[in-house]
Amino acid sequence: MSSIKIECVLPENCQCGESPVWEEASNSLLFVDIPAKKVCRWDSLTKQVQRVTVDAPVSSVALHRSGDYVATIGTKFCALNWKEQSAVVLATVDNDKKNNRFNDGKVDPAGRYFAGTMAEETAPAVLERHQGALYSLFPDHHVKKYFDQVDISNGLDWSLDHKIFYYIDSLSYSVDAFDYDLQTGQISNRRSVYKLEKEEQIPDGMCIDAEGKLWVACYNGGRVIRLDPVTGKRLHTVKLPVDKTTSCCFGGKNYSEMYVTCARDGMDPEGLLRQPEAGGIFKITGLGVKGIAPYSYAG
């Protein structure tokens with residue numbers, strides 16, 4: 001990994017950029033800006049950005065088998081029609097918690113849309129604790145609730161053999177694993193596979209590479225780290241020129257590039273002067289490892 005190159009490919013100034021997803025069909029990167037209520041699509045060939053504004057904070061976006069997208073908006077799972085710039089509600093969660101919203105979400109290998117909730121923050125990572133839960137939206141639009149008492153539901157992905165579900169509840173400062181049943185979507189036997197060190201700060205978004213290793217974006221840590229979930233060891237750290245790194249995914253040709261989102265929420269003018277690319281989209285090349293294609297929602 002000696003020839004790593006990091007560049008800000010899009011100075012988007014996201015308040016809180018999140019949920020990067022590569023769309024191979026259009027050579028584009030999808031991502032959201034949560035408080036700005038925007039879903040964005042950056043064309044890597046033309047460098048143009050299209051944006052769709054929705055009516056509530058949008059925390060994740062994913063591919064839909066129809067060629068359109070699904071997204072978590074407020075506390076709703078929604079189908080997103082890009083051409084019409086409209087969202088249709090598929091299901092709603094946390095009806096009894098008016099201060100909650102969805103956070104990170106991702107589609108599993110069977111086409112279910114997993115996403116978790118959290119209380120709305122009063123400042124970055126400051127919120128009423130234990131208010132969130134983890135859910136999945138099945139292809140028939142029914143919702144399964146896995147567990148509650150979540151602080152900040154965050155990064156998630158699945159092992160290459162589809163037998164393990166990896167999950168982050170940010171304020172536990174841990175990357176956890178569950179046994180995962182592909183057929184039923186059931187998860188069980190929760191355990192920690194990595195505890196973050198102090199300088200790594202808060203674990204946020206996560207993705208898996210083609211070797212089965214996990215990459216975790218560290219909020220306030222200004223880095224992505226590569227972990228071996230079997231040994232529990234950190235294998236590599238890539239530092240970025242911004243502190244508030246939020247999530248990561250692989251994309252580009254053969255999924256050989258990594259894209260990283262970040263935030264500028266809560267930064268003072270001095271901090272923004274020091275980190276003018278905060279809120280931008282970063283591309284990392286030369287990692288020497290590839291990712292895998294994202295799954296599409298099957299509903």
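Each position is counted from 1, following the chain as shown.
Even glycines carry a Cβ here, placed using N, Cα and C.
Predicted, not measured: the structure shown is a model, and the values here were computed from it.
Binding of substrate is attributed by Swiss-Prot to R101, N103, and the same site annotation extends, among E121, E128, to E121. Matching N81, N154, N254 to the divalent metal cation binding residues that Swiss-Prot gives (E18, D204) identifies N154. Here the recorded positions are R101, K253, and the one with the most other Cβ atoms within 10 Å of its Cβ is R101. Cβ neighbour count within 10 Å across all protein chains ranks K244 highest among the modified residues K144, K244. Restricting the recorded positions E18, K144, N154, K244 to those with a CA within 10 Å of the CA of N103 (substrate binding site) leaves E18, N154, listed by sequence position.
With K253 (N6-succinyllysine) as the anchor, the candidate binding-site residues are E18, R101, E121, N154, and the one with the nearest CA is E18. Secondary structure at K244 (N6-succinyllysine), taken from DSSP and collapsed to helix, strand or coil, is strand. Those residues noted as binding substrate (R101, N103, E121) have their most widely separated CA atoms at a distance of 11 Å.
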